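Below is one structure, written out as structure tokens; comments come after it.
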Amino acid sequence: MPRRTDLNHVLVIGSGPIVIGQACEFDYAGTQACRVLRAEGLQVSLVNSNPATIMTDPEFADHTYVEPITPAFVERVIVQQAERGNRIDALLATLGGQTALNTAVALYENGVLERYGVELIGADFEAIQRGEDRQRFKDLVAKVGGESARSKVCFTMDEVRETVEDLGLPVVVRPSFTMGGLGSGMAHSDEEVGRMAGAGLVASPSANVLIEESVYGWKEFELELMRDGHDSVVVVCSIENVDPMGVHTGDSVTVAPAMTLTDWEYQRMRDLGIAILREVGVDTGGCNIQFAINPHDGRLIVIEMNPRVSRSSALASKATGFPIAKIAVKLAVGYTLDEILNDITKETPACFEPALDYVVVKAPRFAFEKFPGADPTLTTTMKSVGEAMSLGRNFVEALGKVMRSLETGRFGFWTAPDPQGDVDQVLLRLKTPTEGRLYDVELALRLGASTEKVAQVSGIDPWFVAQIGELVKLRDELVAAPVLDAELLRRAKHNGLSDRQITALRPELLGEDGVRSLRKRLGIHPVYKTVDTCAAEFEAKTPYHYSSYELDPAAETEVVPQTEKPKVLILGSGPNRIGQGIEFDYSCVHAAITLSHNGFETVMVNCNPETVSTDYDTADRLYFEPLTFEDVLEVFYAEEQSAAGGAGVAGVIVQLGGQTPLGLAQRLADAGVPIVGTSPEAIDLAEDRGAFGDVLTAAGLPAPKYGTATTFAQARRIAAEIGYPVLVRPSYVLGGRGMEIVYDEETLKDYITRATALSHEHPVLVDRFLEDAVEIDVDALCDGTEVYIGGVMEHIEEAGIHSGDSACALPPVTLGRSDLEKVRQATEAIARGIGVVGLLNVQYALKEDVLYVLEANPRASRTVPFVSKATAIPLAKACARIMLGSSISQLRFEGMLAASGDGGNVASHAPIAVKEAVLPFNRLRRADGAAIDSLLGPEMKSTGEVMGIDHDFGRAFAKSQTAAYGSLPTQGTVFVSVANRDKRLLVFPVKRLADLGFHVIATEGTAEMLRRKGIPCDEVRKHFEPPKAGRPALSAVDAIRAGDVDMVINTPYGNSGPRIDGYEIRSAAVSVNIPCVTTVQGASAAVQGIEAGIRGDIGVRSLQELHSAIGAGIAADNEVQ
């Protein structure tokens, strides 16, 4: 069946910012979708608010709209294209997660799609409703002979209470049409039911929740299926959760293929899955179905279905080599499975189900260390911020690799001191699912607990527990063996142990280098296998590799050189985490693409299954491997050996993947690996405060006074000399980890006690904190001689809030020409002083006309994608070319960089782009269910970002807020409670809100000040202030929780008593999902955004149009000059 000829123009909706529950797997899916559609000759319009994605690069669509993903904005795109005579024929929403699906449903229900003749493809409206609506799906499962958990859909709290009485406690609360289990949880008491169901009714777009019987402790499985228009169905992959029901699948360690299913259970699950897929009506695409099995009686029930490409779809794609998103798009435009060729084998059609002769393990990455108040218990609400995946020939080999891929400071079992406690305490901990529970499984077994006991208390299947038990036996052998011989060492490596783990057990081997030397002498090295989708039945034509240590010494590697071109290894960024996310993958992908087009064979090394970089056709060759020194070095050796007289490895790129590869640079260089671009010595120079200070002194550049301390006494002396407040942090961190503003000696002592434990090898840095300064971010390129300013960003929040959490504007809004000239001169001096070859990010603070240098990072920054989208300059591609020998003047001549000028010169009429951070406060809760504090500071907390771009700042800021958190209010009530130091500065923005018609309420002190300034204001009492006669009865928190407040402005009070009241105010705002502004500058920006919203003239423009306008502006400026 050929492609549909009635489709000419398809609209693709992305998933928006990276949030917990919806990450960069949808950039991977969306990028594939755009590639396929354009390859089929279709015109593509794309809507996605996330500038850090590959899919929003202008070359992936004909019309790229970096706009909020809301029904209103998507409708504007549809209308704009129709008015231009370029009507959109179809909407593909099954590749953008829950955000895209919910937006498509709203557009259908509002009549927009019918009005403009737009067809839903991939899954129609009825299929989405049947798959997503809890009650309809439950009825459908029963119709095909399946069973669901006993449950009822409830629309009111009265219905909830009746259902709980019928089912009995505990129950599971699941809101409809939400992602990542948002709002769901296990309720063990009536109080918990009330809290969770109340929150769930708010979280659900359809305002209903499913109350179902608890199946906590059951085994959980998933199937990935695809169906075409001829009713052919393939089961792509089965996935088993190591953690039992009760832990969200995104937070569980998962294994593919499923390990513990009987043949009867698998066949029953498969038959049910196919029947459900057909009954739901997903006839041109893929879906994910989750099942649970009672381990005691074998009862099998269907949990839920995603009638779209999901997080698990990305995992299944990378696990099998079967490109689910790509094939889903081909099915959506009319092809059938038998007409689509397998990209890996180039012979078999897509109707051949994948077969695996290896095991895949995925493990989640958490960020609880960033949120000390958050409850670390794993529940049905997803909390992980990223994940890693590994492949091995057996389960324990893959498990060992994935554990060291997570970069948590532990490199697998036995690489960190065991927590204190006896076996009973460890078993008690295992009853509550937490981040490190597999370590407790191993420890319990080592302390003498039986496999059965550990399985019983943890709910983990005995097979998985027994596999870890085999590792415990192997550990005992390694410790007891008089000599580490070839057979034992080979077995250790075959079972996934790293050199680091082995040296922890055998310290006489003198570290990793000693273990590696011993392996080499004994001829023990990894072989590299190929992911081929067919268990070696057909030859793989696509080089997608993983390592394994085979027991057979004669086993051979399957890596073969693709060309005689020189090879470049690109080290990715590993699992997403706060501080190191999709922005770095963006730069790695750009490097692979541009170097492949410029005479190099590109080799990607990464372990993140969500990313575009680990798509098998991004680089010329892919290694799905941990980003550790040992694993990267072995890949380098394999590539060198495979050259066989041809071109070897020209170099390894470490400066694009964030801190992870940077941390490997010096050791790799010492091992003889060529590092291209900025040298490891220059990287270290930028991190060494003393050496970097010398660079600044030579250039005559001021920096905040600072000192380096390794003891509290030293830190106290430095702080006394500098003057409080001071900024303290450990060296060599990303995302501001461990960074705090300290106001007094007592707090400093507390910090030093914690921070030195955080970083043993590097000292603590103590800086003067510049209050009320304007922070500036600069991304620049340097070829060793010439410097090219990519972009200058002005932070909206003041210095002291981490740059990754602060909104910023490009071009700067308040900086003058003289300020920009200071920035240029300082950046050029720093780039040359360090010796940068490639990208450089510098952060400045401007205070009283003095430009202070805060820090310089000779690497790609998280703002590179944003700057590239805002300026139309591909900084990451240019960086890759520069690192491999091109000059800036050459790139100007080729047209990759502007022929004259750069991002330090703002073109006339340039649009304003605003980047806003997206924070996970609605996901992470305290143990009592209360929201964690939304206050920002020097430690980064955001998971993702959005971009708003328009003609002026107000419109651009309004778009950024809509994309990140929902529209700013244009009427209603604003609550104001601010610290004394901020009251004078907040008078103007609050007066403007009152003039716009807002009702202002405030606590006593703030209300008195506002009334003195002529601003009408009603008073409410503080949360912890008892009601008094003649005083307001209503507290601020009561008003917020009652829904009587539309926006909160609350700046922190420092360490004084009112700080607790501020927490209650901010957490209440998070709970009811209203804007909560915590800085003066943020309030001023919000007012400008609200004014733009009231005017109502916010339109949409594609990046292609905006970039054309930028080019025209630059040309006009050049003519004037």
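Every residue number used here counts from 1 along the chain in the order it is shown.
A Cβ is built for glycine as well, from the same backbone N, Cα and C atoms used for every other residue.
Listed in Swiss-Prot for this protein:
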- R134, R174, G180, G181, E213, V215, E220, G246, V247, H248, Q290, E304: ATP 1 binding site (BINDING)
- Q290, E304: Mg(2+) 1 binding site (BINDING)
- Q290, E304: Mn(2+) 1 binding site (BINDING)
- E304, N306: Mn(2+) 2 binding site (BINDING)
- E304, N306: Mg(2+) 2 binding site (BINDING)
- R729, R768, L770, E775, G800, I801, H802, S803, Q843, E855: ATP 2 binding site (BINDING)
- Q843, E855: Mn(2+) 3 binding site (BINDING)
- Q843, E855: Mg(2+) 3 binding site (BINDING)
- E855, N857: Mn(2+) 4 binding site (BINDING)
- E855, N857: Mg(2+) 4 binding site (BINDING)
- 693-884: domain 'ATP-grasp 2' (DOMAIN)
- 966-1113: domain 'MGS-like' (DOMAIN)
- 1-407: region 'Carboxyphosphate synthetic domain' (REGION)
- 408-559: region 'Oligomerization domain' (REGION)
- 966-1121: region 'Allosteric domain' (REGION)
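Rounded to a whole value, the Cα-Cα separation of H802 (ATP 2 binding site) and N306 (Mn(2+) 2 binding site) is 36 Å. Taking the region 'Oligomerization domain' (408-559) as a whole, pLDDT averages 91 in the prediction. Classification of E220 (ATP 1 binding site) by DSSP places it within a strand. Shown in sequence order, R134, F137, R174, I289, Q290 are the residues of the chain, 6+ apart in sequence, with a C-beta less than 8 angstroms from the C-beta of E304 (Mg(2+) 1 binding site). Ranked by Cα separation from E213 (ATP 1 binding site), the binding-site residues N306, R729, Q843, E855 are led by N306. When the Cα of Q843 (ATP 2 binding site) is compared against those of the binding-site residues E220, V247, N306, E855, N857, the shortest separation belongs to E855. Calculated from their C-alpha atoms, the gap between R729 (ATP 2 binding site) and E855 (Mn(2+) 3 binding site) amounts to 13 Å.
For V247 (ATP 1 binding site), applying a Cβ distance below 8 Å and a minimum sequence separation of six or more within one chain yields N241, L378, T379, T380, P433. Within the same chain, the residues at least 6 positions away from E220 (ATP 1 binding site) whose Cβ sits under 8 Å from its Cβ are E240, N241, D243, P244, M245, T249, S252, Q290, F291, A292, I303, listed in sequence order. The two recorded residues, N306 (Mn(2+) 2 binding site) and G800 (ATP 2 binding site), show a Cα separation of 42 Å. In three-state terms derived from DSSP, R134 (ATP 1 binding site) belongs to a helical segment. In this structure the C-alpha atoms belonging to L770 (ATP 2 binding site) and N857 (Mn(2+) 4 binding site) are separated by 20 Å.
Here the domain 'MGS-like' (966-1113) has, by DSSP, the following mix of helix, strand and coil residues: 72 helix, 19 strand, 57 coil. Within the same chain, residues at least 6 positions away in sequence whose Cβ sits under 8 Å from that of E855 (Mn(2+) 3 binding site) are V842, Q843. Binding of ATP 2 is attributed in the record to R729, R768, L770, E775, G800, I801, H802, S803, Q843, E855, and the widest Cα separation among these residues amounts to 18 Å.
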